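Report on the structure given below.
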Amino acid sequence: MRKHPQTATKHLFVSGGVASSLGKGLTASSLGQLLTARGLHVTMQKLDPYLNVDPGTMNPFQHGEVFVTEDGAETDLDVGHYERFLDRNLPGSANVTTGQVYSTVIAKERRGEYLGDTVQVIPHITDEIKRRILAMAQPDADGNRPDVVITEIGGTVGDIESQPFLEAARQVRHYLGREDVFFLHVSLVPYLAPSGELKTKPTQHSVAALRSIGITPDALILRCDRDVPEALKNKIALMCDVDIDGVISTPDAPSIYDIPKVLHREELDAFVVRRLNLPFRDVDWTEWDDLLRRVHEPHETVRIALVGKYVELSDAYLSVAEALRAGGFKHRAKVEICWVASDGCETTSGAAAALGDVHGVLIPGGFGIRGIEGKIGAIAYARARGLPVLGLCLGLQCIVIEAARSVGLTNANSAEFDPDTPDPVIATMPDQEEIVAGEADLGGTMRLGSYPAVLEPDSVVAQAYQTTQVSERHRHRYEVNNAYRDKIAESGLRFSGTSPDGHLVEFVEYPPDRHPFVVGTQAHPELKSRPTRPHPLFVAFVGAAIDYKAGELLPVEIPEIPEHTPNGSSHRDGVGQPLPEPASRG
């Protein structure tokens, strides 16, 4: 007789076919938001079919950003979508990789836990995947068991890498019973311009591949650049053996935050609720409708330059971009993000060309020396012009380096970029020295996860947060060198937030009488921003950018800036010059 240890929780699997990047993560997130708005407790999980244990050491150009959870896991960027749409924190177990699964199974084999069995993909690998899927149905820290677990299966049906995950999902349905498991398949319906036709054959083949491994989808998401006509939906329902109510047309939406409305219009949430026999209420659109009004009916527009080294792939800064937009929503403003390659800002003329028409500058996190002098140059330009600046993680470190150079430490640098610098104003954290030296594992060893900080009561950041006790997520190996605090303070830079013991600098800023808004944080506040609850630092930053834009036409004396060079010196005489007093805007 089949056992049902978790009959209270339903499982919904989301797979993809035909092509990658169809929006499985956004589809899953939007459905999760809809079910949450119906009063259900939803949690989510991403299964990634790569052999890396986590994405922490992967190239951002290949993978996009690394999303850090509260408990310190380095996860896929889709977990960020889940948190933003569900408006709740997820644990590190929300991301499962092939690397994690194989590492666990091999470790068990070495300990002799398989009692001499021949260890194979089936059943040992699939059993470990099933264990991790079913574990998501356990009660959370508050003792609440989820009503629904939505699990996104990465990759595309037909990929070799995804097969163990799909097989495990099939076995979960067999184990829990068909009435407790739902399969949602996302497929492409391409439009052929020469013939003016939408083609259903790729979707039919994708579903056939899924059925060949024992999975018949309960519903299909048809991705297209236009609505799929009813006649084609009926054809797909017939050929793929799916209820017509489960064939969902999802044309491209103006904003990702419109997707829940698109799915609701097609009645996907109602179909899922009926199919899984879930308790529910009508969708409460109060909060989401307010968000959509702010998205589509802005009162003004501001331009923010994101000065980074991975700007060719916007996914490398996905959470930063979404946090900026959310900060704009709070002000009923549209934030236009100007993607600026940091290499181009190394000189004053380069910075002026790149930043001359923006209303704020954001310096995001990153690793490695490439582009660092450009980030520092962008800060120098913005500080002299009175442009609002927000620095995140590495951004804080660049603000500190720029401040140090402005008070005579012309060779100030980070130990990360120049281990032999005479003035390492940014130093390796003591517990990271062995790792940086190459004597320990690189992956998963940074200062990761949520840490508390104490803010100075009268600081800009305390005013933004409306409290002096905060907690933010981190991902770094380097910190401000406390031996240089007094010297750096001569620039006017204030260390406005530290760890509770006062040792680690968490926030820096210039007082409002020195600059309208320059704030840096060692943390990654973008990871806690939500579209309906924007992060206070981003709200304050966008507000400062709006004020700057409003003051652009006022008569302001612009000081002349000495030409900036990568080592912080002047082209004229090779001697470092302190920056002129920054322009102040009322």
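Residue positions begin at 1 at the first shown residue.
Keep in mind that glycine also has a Cβ here, set from the backbone N, Cα and C atoms.
Listed in Swiss-Prot:
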REGION    1-278  region 'Amidoligase domain'
BINDING   SER20, LYS199, THR200, LYS201, PRO202, THR203, GLN204, LYS235  UTP binding site
BINDING   SER21, LEU22, GLY23, LYS24, GLY25, LEU26, LYS46, ASP78, ALA253  ATP binding site
DOMAIN    303-551  domain 'Glutamine amidotransferase type-1'
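Taking every protein chain shown into account, THR200, GLN204 are the binding-site residues, and of these the Cβ with the most other Cβ atoms within 10 Å belongs to THR200.
Of the listed binding-site residues, namely LYS46, LYS199, LYS201, the sparsest CB environment within 10 A is found at LYS201. It is PRO202, among the binding-site residues GLY23, GLY25, PRO202, whose Cβ has the fewest other Cβ atoms within 10 Å in the structure shown. Counting other C-beta atoms within 10 Å of each candidate's C-beta, the binding-site residues SER20, THR203 are led by THR203. Comparing SER21 (ATP binding site) with THR200 (UTP binding site), their Cα atoms are 18 Å apart once rounded. The C-beta environment of ALA253 (ATP binding site), restricted to residues of the same chain at least 6 apart in sequence and closer than 8 Å, consists of ILE259, VAL262. According to DSSP, SER20 (UTP binding site) is assigned to coil rather than to any helix or strand. For SER21 (ATP binding site), the number of other Cβ atoms no farther than 10 Å from its own Cβ, over all displayed protein chains, is 11. Taking the Cβ of LYS235 (UTP binding site) as reference, residues of its chain lying under 8 Å away and at least six apart in sequence are, in sequence order, THR200. The two recorded residues, THR203 (UTP binding site) and GLY23 (ATP binding site), have Cα atoms 15 Å apart. Between the farthest pair of Cα atoms in the UTP binding residues (SER20, LYS199, THR200, LYS201, PRO202, THR203, GLN204, LYS235), the distance is 24 Å. Across the structure, GLY23 (ATP binding site) and LYS199 (UTP binding site) are spaced 19 Å apart at their Cα atoms. Of the recorded residues, LYS201 (UTP binding site) and GLY25 (ATP binding site) place their C-alpha atoms 24 Å from one another.
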